[in-house]
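Note sheet for the following structure.
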Amino acid sequence: MAVLKVKFTKTKRDKLAQILWILNWVSVVSGIILFSLGLFLKIEIKKRNEVMAKGDINSVPNMLISVGVIACIINFLGGKICYDCSDANKFSRWKLVMLPYIVCTFCFTFCILVGALMCYTMRNELEESLYLGLRDAIKFYKDTDIPGRCFLKKTVDLLQIGFHCCGNNGFRDWFEIQWVSPRYLNMASKEVLDRLKSNVDGKFLVDGVPFSCCNPSSPRPCIQYQLTNNSAHYNYDFLTEELNIWVRGCREALLDYYTAIMRTIGVAALLIWLFELSVLIGVRYLQTAMKNVLLLGDLEGESDGWLLENSFVETAKNNINIIKNLSKANQISTVSGMNDPNIDVQNTNCGKTNITTKSIPADR
């Protein structure tokens, strides 16, 4: 029994073909939108590639870009097919192509759904990439004279200023690394030497942060150094007073920024998926309706259209049986007497098999 069967007149078939032709062109635009969203996300990730560890974070934008390109191609072809389906004679050219086209389009729409879901599942990979990348960027902040690292100071400063953040997890991350280059340390100073000697690794550690951590909205001049020393500043209490530096970590700030982008892209991809699915359903109805018209032989008469020719259970069983038969076709049965032309071939006795020695003439 057919699933969701609908009866179509010639007028309805023509209108459905025209509507699907328009919707396929709209789908081409949606493919361009998917491509643009993927390209935008890829560029945004590329902008801060210096503070991200290498990983699979580009899988989502690459997926969206690929799906967008495929959407443009498939829907362009679909528009041509639907336009020709308004004429039964032209439909005969696409008769054998439409079912494979529908199957491929179904797989393609599934890829759109996967891309949309990936936008919501890549948060963990992105968080790990940001954590490792920011850790290394802060670690090499002082290496302004080393090729390959000299740009990291500018990158981190612009990041902290632009996103109103400080450090990886917070401003205390700067307390654990030497972020001042040795060329700017006065080795003749007793204070500097004492700090270097007090550290096991010989690092110059201070309870201070770079200038880019300062909050310009604070009414007090920025306190960068001796943040935990109340006596070093007038009318200052580290534990109770609100600091005039950014307290949020850059990992959290960037993660919130990219999460908002990916959620927006995910919603757009889901809407495009629903739209593509509705177009695919319409194409399936058009294909079955036109097919039945040709079978009936009355091009002006009514015809039935459906999503599935049989029920879901019967369709699933038929597909399973087809897969099983395909797998069995490549196997040679080892059971005697089955599918082997060389087995059970009857022997033909051309005479007696038991010949006595007396019947054989002796040589003389």
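Cβ from N, Cα, C; glycine included.
All annotation found in TrEMBL is predicted automatically rather than curated by experts.
Over in TrEMBL, the protein carries these features:
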TRANSMEM  20-40  transmembrane segment
TRANSMEM  60-78  transmembrane segment
TRANSMEM  98-120  transmembrane segment
TRANSMEM  265-286  transmembrane segment
>> For the transmembrane segment (98-120), give me same-chain residues lying six or more residues beyond its boundaries with a C-beta closer than 8 angstroms to one of its C-beta atoms, as numbers and ranges.
In response: 34, 59-60, 63-64, 67, 70-71, 74, 77-78, 81, 262-263, 265-266, 269-270, 272-273, 276-277, 280, 283-284, 287
>> Please report, as numbers and ranges, the same-chain residues at least 6 past the borders of the transmembrane segment (265-286) whose CB is under 8 Å from any CB of it.
In response: 6, 8, 13, 16-17, 19-20, 23-24, 26-27, 30, 33-34, 37-38, 41, 64, 71, 75, 78, 81-82, 85, 98, 101-102, 105-106, 108-109, 112-113, 115-117, 119-120, 305-307
